[in-house]
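Please read the structure below before turning to the comments.
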């Protein structure tokens with residue numbers, strides 16, 4: 001199972017039912033809607049289509065609303081474009097004017113108060129660089145030197161690297177978009193241009209007013225956000241490392257180190273983190289990714305990201321399906337090369353000690369030591385699954401929850417496969433429900449060893465306190481085990497010793513009522529022994545011990561109830577017999 005999650009931006013190239021189905025089948029876990037573009041009507045159509053297709057495919061796909069944020073842009077230019085030439089001067093006005101090579105205006109009228117002489121102003125993702133030469137507060141104009149030539153079109157982005165700006169946390173448009181998202185029951189809000197904790201709290205205030213349980217992921221895109229990351233994470237559910245504007249706001253050579261640090265801080269807190277922007281950018285135009293892009297995706301996974309994101313590649317590119325498949329293949333390859341033992345050791349040192357974390361550590365270590373097939377987390381809120389995920393176990397994590405909302409919010413968490421299953425409240429019912437659901441996913445089958453973890457008493461969130469090692473399979477009989485061995489073989493039911501004569505016993509488990517000295521030569525050749533006679537001093541027990549053969553004695557009506565020529569597993573340590581192959585300890 002692929003563990004790293006994939007976020008896909010839905011746009012003109014991917015909004016059809018046919019393409020969304022292809023993206024889901026290729027590996028999309030979360031659909032991102034960019035509210036910098038499009039109307040509420042357009043986005044509602046996309047949400048409805050995503051949910052319709054996901055339901056038809058019986059897949060869980062979450063929806064992420066990405067706000068436009070309090071960005072700064074230029075106003076319109078004369079004839080839609082102007083040419084700025086290096087060495088010339090240009091005036092940036094706080095009053096809206098039609099842009100010319102001599103003067104243009106910006107949407108942020110407080111820019112004049114935030115910058116100072118010597119500050120840099122970057123236009124159109126940094127393609128044009130200006131340096132402030134003079135500030136005229138009376139005219140509301142900033143005179144700048146043009147440091148490099150370029151064309152400037154309408155409504156291009158403006159960045160102020162190293163400048164603390166006084167933009168609001170969210171705009172009125174953002175607030176309207178968030179209320180729309182609440183109405184449409186989106187799962188995540190990615191908050192653009194977050195600089196301080198108060199920006200996140202403004203969004204939380206809107207969510208609390210509407211009693212909405214939506215996770216907030218601030219996008220860190222500037223130096224101020226980087227500087228305040230610890231305080232921002234305290235009030236956030238996760239994080240998006242938005243490397244586009246970040247690479248303009250800070251020197252590009254610093255972006256890789258900042259990415260690693262932001263991911264590490266999220267890992268430490270067990271909060272999901274998305275790495276975004278230009279991951280497979282060339283696939284907007286080409287059917288194959290570059291080697292550098294493949295390395296970028298893989299290294300983000302090695303850094304510890306929970307999810308990787310596609311933007312223009314799926315929203316407007318020529319090869320949206322191929323981009324998702326490429327992302328999936330890189331993720332699977334990177335995960336296969338991980339040293340999960342070292343990863344667990346590193347995470348154990350990184351994460352702070354607590355009662356809940358102690359369970360997570362125990363589950364992850366036990367899963368590694370016993371090589372269990374899956375970890376089944378019965379969870380109301382998703383916290384159990386997230387707690388285990390932070391330790392990056394090699395085993396699959398199956399999150400069984402009665403809540404569709406919780407299942408969708410687990411779609412962003414590394415290594416977690418969410419499954420919706422209504423269940424009863426008792427502990428026994430919870431455990432049985434978890435095992436049955438895990439089998440239904442196809443990730444585990446009879447004979448697999450799994451770990452079940454949950455909170456007891458059931459129905460309460462944040463109480464993860466139980467771990468159970470469980471063997472999936474049909475137990476057909478039990479008795480007193482002799483020795484600690486286990487064996488898998490085909491049954492041979494023998495009412496008398498004559499039933500064993502002339503038989504090849506090398507792959508057989510002998511099932512009989514009792515034995516005497518005439519049975520011994522045959523038992524020596526068999527894989528295992530099951531008998532009805534009781535006691536550790538019985539002939540069967542003594543022969544089993546002396547010959548080192550896995551044996552279970554005291555099995556009631558063994559000859560009658562266990563069929564001939566059936567593959568079984570004997571677990572002598574537990575005194576149990578399972579039908580088929582069972583991965584016993």
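Note that Cβ sites are derived from N, Cα and C of the backbone, with glycine treated the same way.
Sequence annotations record features per position, and here Swiss-Prot assigns substrate binding site to 32, 244, 245, 277. Sequence-distant contacts of residue 32 (substrate binding site), defined by Cβ-Cβ distance under 8 angstroms and a gap of at least six in the same chain, are 7, 8, 9, 10, 64, 66, 190, 309, 311.
Taken from Swiss-Prot, the feature K(+) binding site covers 34, 36, 66, 67. Annotation note: residue 36 (K(+) binding site) sits in a coil segment as assigned by DSSP. The Cβ of residue 36 (K(+) binding site) has 12 neighbouring Cβ atoms from other residues within 10 Å, across all protein chains displayed.
Marked as ATP binding site by Swiss-Prot on the basis of similarity to another entry: 34, 35, 36, 37, 73, 156. For residue 73 (ATP binding site), the same-chain residues lying six or more positions away in sequence with a CB closer than 8 A to its CB are 106, 107, 155, 156, 157, 158.
Positions annotated as site 'Transition state stabilizer' by Swiss-Prot, on the basis of similarity to another entry: 219. Non-local contacts of residue 219 (site 'Transition state stabilizer') by the CB criterion (under 8 A, 6+ apart in sequence, same chain) comprise 66, 69, 190, 191, 192, 193, 194, 240, 242, 276.
Listed in sequence order, 192, 193, 194, 242, 244, 245, 246, 249 are the same-chain residues at least 6 apart in sequence whose CB falls under 8 Å from the CB of residue 221 (Mg(2+) binding site). Residues annotated as Mg(2+) binding site in Swiss-Prot: 221, 245.
Of all Cβ atoms in the shown protein chains, 24 besides its own fall within 10 Å of the Cβ of residue 67 (K(+) binding site).
If you draw a 10 Å sphere around the CB of residue 245 (substrate binding site), it holds 23 other CB atoms from the protein chains shown. Of all residue pairs in the ATP-binding list (34, 35, 36, 37, 73, 156), the one with the greatest Cα separation is 17 Å apart. Closest by Cα distance to residue 67 (K(+) binding site), from the binding-site residues 35, 37, 277, is 35. A strand conformation is recorded for residue 73 (ATP binding site) in the three-state DSSP classification. Among the binding-site residues 37, 156, the residue whose Cβ has the fewest other Cβ atoms within 10 Å is 37. Compute the center of the Cβ atoms of 34, 36, 66, 67, which mark the site for K(+); besides them, the chain residues with Cβ within 8 Å of that center are 33, 35, 37, 65, 68, 69, 190, 192. In this structure the C-alpha atoms belonging to residue 34 (K(+) binding site) and residue 277 (substrate binding site) are separated by 13 Å.
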